[in-house]
Amino acid sequence: MRPGTGAERGGLMVSEMESHPPSQGPGDGERRLSGSSLCSGSWVSADGFLRRRPSMGHPGMHYAPMGMHPMGQRANMPPVPHGMMPQMMPPMGGPPMGQMPGMMSSVMPGMMMSHMSQASMQPALPPGVNSMDVAAGTASGAKSMWTEHKSPDGRTYYYNTETKQSTWEKPDDLKTPAEQLLSKCPWKEYKSDSGKPYYYNSQTKESRWAKPKELEDLEGYQNTIVAGSLITKSNLHAMIKAEESSKQEECTTTSTAPVPTTEIPTTMSTMAAAEAAAAVVAAAAAAAAAAAAANANASTSASNTVSGTVPVVPEPEVTSIVATVVDNENTVTISTEEQAQLTSTPAIQDQSVEVSSNTGEETSKQETVADFTPKKEEEESQPAKKTYTWNTKEEAKQAFKELLKEKRVPSNASWEQAMKMIINDPRYSALAKLSEKKQAFNAYKVQTEKEEKEEARSKYKEAKESFQRFLENHEKMTSTTRYKKAEQMFGEMEVWNAISERDRLEIYEDVLFFLSKKEKEQAKQLRKRNWEALKNILDNMANVTYSTTWSEAQQYLMDNPTFAEDEELQNMDKEDALICFEEHIRALEKEEEEEKQKSLLRERRRQRKNRESFQIFLDELHEHGQLHSMSSWMELYPTISSDIRFTNMLGQPGSTALDLFKFYVEDLKARYHDEKKIIKDILKDKGFVVEVNTTFEDFVAIISSTKRSTTLDAGNIKLAFNSLLEKAEAREREREKEEARKMKRKESAFKSMLKQAAPPIELDAVWEDIRERFVKEPAFEDITLESERKRIFKDFMHVLEHECQHHHSKNKKHSKKSKKHHRKRSRSRSGSDSDDDDSHSKKKRQRSESRSASEHSSSAESERSYKKSKKHKKKSKKRRHKSDSPESDAEREKDKKEKDRESEKDRTRQRSESKHKSPKKKTGKDSGNWDTSGSELSEGELEKRRRTLLEQLDDDQ
């Protein structure tokens with residue numbers, strides 16, 4: 001190849017892009033060169049190099065894009081972005097990531113497809129220097145997915161036809177090379193609320209009012225790039241000729257593995273920038289020489305090509321304004337599988353790499369380098385190979401993330417920008433698929449952005465804390481200092497300007513609140529100190545007592561030297577001093593009251609001790625048997641009164657000696673039931689039973705024979721004996737009663753035997769005559785004594801004789817009484833019919849099987865009225881017997897009226913009840929005789945009952 005091939009290639013791409021705009025077909029990353037000067041199989045790829053399609057047909061033949069779908073029609077008006085970035089704050093993230101087409105293997109053998117847009121991989125370049133990548137990105141044949149639009153208010157926004165998203169920021173695909181250089185600068189320009197521009201560094205999170213030098217230099221480079229021309233037409237023809245001369249060697253090449261080459265940056269010069277162009281040409285010659293040396297090394301190391309490892313020399317990266325640094329210290333280990341992919345789809349890197357195994361091509365490249373031979377050539381030794389192994393995909397992903405972290409890839413970097421920083425590292429190939437790399441890169445960006453935000457937040461928080469501490473600790477700051485005054489004092493300080501106005505106001509208010517609280521706390525401490533000092537002075541003054549007044553205390557304080565020397569104490573609030581004195585006096589009063597209480601407690605304790613001593617004295621009397629539950633005060637008074645403990649009890653309030661004695665005896669009596677159980681247990685164990693004839697001495701001897709009797713009270717033992725003796729007597733009486741009942745039952749059985757004798761016993765019978773008839777009867781055998789049998793027989797005969805006499809007399813009495821009652825009934829009945837009619841009506845009622853409900857009610861009412869009239873008669877008779885005075889006549893008259901009223905009420909009640917109870921009224925004789933028949937029926941029933949009662953009385957007699 002001839003010198004200037006790289007420049008010619010770049011010029012070919014740019015000029016062809018200008019003369020032939022990209023078609024509306026699918027953007028496959030490559031563009032066919034349509035010109036008479038181009039050879040028939042030539043092809044310009046997205047990386048800016050002239051390539052040949054293998055197995056290329058006739059130049060006029062066009063191949064349809066493989067595996068690509070046509071782009072859909074774009075909407076007329078895409079949506080406007082939802083919001084705007086705040087002017088005071090820099091953008092939180094980087095520009096939108098450029099869309100990178102996926103890596104596709106070509107369908108036709110040998111067809112080469114570009115992996116991604118070259119426009120998104122622009123390196124940072126010095127002023128006046130442009131690379132093949134910049135030119136290739138500008139001349140990309142693929143149609144951009146971003147379109148430019150205007151919002152209703154005239155602002156420009158950009159719409160992505162593929163993702164359907166819109167943004168205010170210009171995407172990388174639409175940026176010029178100069179704009180891309182500016183976008184990579186960490187310094188961005190923003191405007192404050194007042195419209196004043198300021199500059200913010202997205203990496204260091206620093207903001208300043210003055211324009212940074214880096215940004216000024218890049219803006220100067222942009223003006224130079226716009227003014228210069230990219231390449232001339234002669235360079236384009238030279239590159240085409242170089243491609244034609246190497247066409248034969250490329251067609252015969254079977255290996256498509258890339259050989260390390262160096263992309264030669266070209267200079268864009270204007271008529272005013274001739275010196276800059278000369279410098280760029282010299283730099284291009286040096287880079288070409290380095291590429292030739294690398295090609296020579298690659299041709300001699302055939303074993304590397306066979307084993308699948310090819311050393312790659314990266315493109316020089318510009319890191320300063322005046323020089324470029326070539327980083328060729330890293331090697332990339334490529335597997336055999338990746339080599340196979342590279343044959344069909346070459347990987348797009350920040351440096352354009354091309355490998356040729358043809359010896360002739362190497363010779364032509366060496367000749368090209370010979371034309372640009374520098375003054376001094378240095379032999380670079382082959383870099384040491386370093387291989388990495390990853391057992392799992394997680395380890396590979398982690399290694400890829402560590403690579404990003406090690407290279408310090410910022411969170412707002414795009415994928416193209418990140419590739420420039422990491423592609424030369426062997427760990428870049430840890431993940432085989434591009435999607436996996438992008439996924440890991442996105443995860444790294446999210447994590448890094450989170451860490452950067454957290455770091456920025458912590459720094460800002462630290463700045464706020466420093467500002468707050470500064471205000472809180474400054475001696476000129478008080479709770480009454482105004483913000484404007486503080487701004488005049490501290491406005492020029494860095495700590496004042498480190499935070500925003502809004503946060504500064506909030507912190508200032510918090511500081512004022514803190515200072516106010518602090519001042520109050522100090523005043524409180526001073527008040528507490530004065531309080532304690534005054535309290536100590538009052539405590540040490542012996543002449544101040546609980547009865548001292550405030551005026552007296554003030555005079556004492558003025559005479560006190562400690563109070564006179566303390567100025568703060570003299571400036572103490574008078575109200576606080578008075579309150580302190582009042583509390584001191586209350587404390588003295590409390591001490592005086594406590595002393596009185598203590599003396600009272602001592603006196604009460606002495607009285608309690610006297611009572612306890614007397615209680616012990618009573619215990620001693622009980623142990624000696626002199627005091628028990630049946631003791632009395634009068635019996636023991638001579639013994640008790642002679643003891644000193646009784647004398648100490650005299651005259652003291654509370655319980656007296658007599659009260660304690662009674663309580664003691666009551667306690668002994670309360671123990672009776674428990675001790676009685678113990679006594680019963682002792683008797684049960686001994687098998688002793690208290691009988692009627694048991695003496696107390698025998699009982700005591702049995703009880704005292706066991707150890708359990710030592711705690712028993714003598715009085716309770718006596719009471720228990722009396723109780724057991726009473727129970728014994730009760731048992732004896734019950735036994736006698738039971739024997740009497742048994743004897744009575746036997747007598748009854750014997751009498752029953754005599755009464756049921758067949759034939760019956762005559763009244764003149766003798767016991768000896770009839771005895772043999774009952775000898776074998778059980779009732780006869782139950783009574784063992786013959787005298788008892790004779791006695792029972794005599795009693796039986798006497799009863800039999802009495803019953804016989806009573807039976808004869810009863811018949812006579814019955815006839816007389818019946819006549820008497822018959823006469824009385826005929827006289828007392830008024831307004832009724834004759835006795836024959838009465839008996840006839842009674843027989844009629846008796847024969848009737850059913851009576852109506854009205855007849856029952858009328859008979860019941862008539863019976864009730866009869867009883868009332870009889871009752872009134874008895875009352876009137878009593879009154880008549882009690883008194884015969886004129887007052888008795890008046891009472892009789894009253895009774896008569898009351899009787900008439902009651903009889904009238906009874907009649908009306910009977911009529912109303914008969915009306916309500918009878919379902920139908922009867923006509924004729926029945927309805928007229930209703931009440932009369934009812935009254936007659938009731939009188940007949942009453943007479944019948946009277947007769948029955950009289951007969952029962954006669955039978956009883």
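The backbone N, Cα and C atoms fix where each Cβ goes, glycine too.
Marked as omega-N-methylarginine by Swiss-Prot on the basis of similarity to another entry: Arg9.
Annotated phosphoserine per Swiss-Prot: Ser34 (among others), in sequence order, evidence recorded as a large-scale study or a structure entry.
Per Swiss-Prot, the feature phosphoserine maps to Ser151 (among others); the stated evidence is a large-scale study or a structure entry. Taken residue by residue with DSSP, Ser151 (phosphoserine) is part of neither helix nor strand, so it is coil.
Look at Swiss-Prot and you will find 181-214 tagged as domain 'WW 2'. Predicted-model confidence for the domain 'WW 2' (181-214) is 82, expressed as mean pLDDT.
Cβ neighbour count for Lys196 (N6-acetyllysine) (all protein chains, 10 Å cutoff from its Cβ): 9. Mapped onto three states, the DSSP output places Lys196 (N6-acetyllysine) in coil. Taken from Swiss-Prot, the feature N6-acetyllysine covers Lys196, and the record attributes it to a large-scale study or a structure entry.
Marked as compositional bias 'Low complexity' by Swiss-Prot: 252-262.
The compositional bias 'Polar residues' annotation in Swiss-Prot covers 337-361.
Here Swiss-Prot flags Thr345 (among others) as phosphothreonine.
The phosphothreonine annotation in Swiss-Prot covers Thr373 (among others).
Per Swiss-Prot, the feature phosphoserine maps to Ser723 (among others); the stated evidence is a large-scale study or a structure entry. In the three-state DSSP reading, Ser723 (phosphoserine) counts as helix. Over all protein chains present, the Cβ of Ser723 (phosphoserine) has 14 other Cβ atoms lying within 10 Å.
The phosphoserine annotation in Swiss-Prot covers Ser883 (among others).
Swiss-Prot lists Ser885 (among others) with the feature phosphoserine.
What Swiss-Prot records for Ser888 (among others) is phosphoserine, and it gives a large-scale study or a structure entry as the kind of evidence.
The annotation phosphoserine is assigned in Swiss-Prot to Ser935 (among others).
Among the features that Swiss-Prot reports, phosphoserine is placed at Ser938 (among others).
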Check: Which whole-number value in Å describes the distance between the Cα atoms of Ser151 (phosphoserine) and Lys196 (N6-acetyllysine)?
Finding: 25
Notebook entry, point to check: Between Ser723 (phosphoserine) and Lys196 (N6-acetyllysine), what is the CA-CA distance rounded to a whole number of Å?
Noted result: 119
Next item on the list: Run through the Cβ atoms and count how many others sit within 10 Å of the one on Ser151 (phosphoserine).
Entry: 12
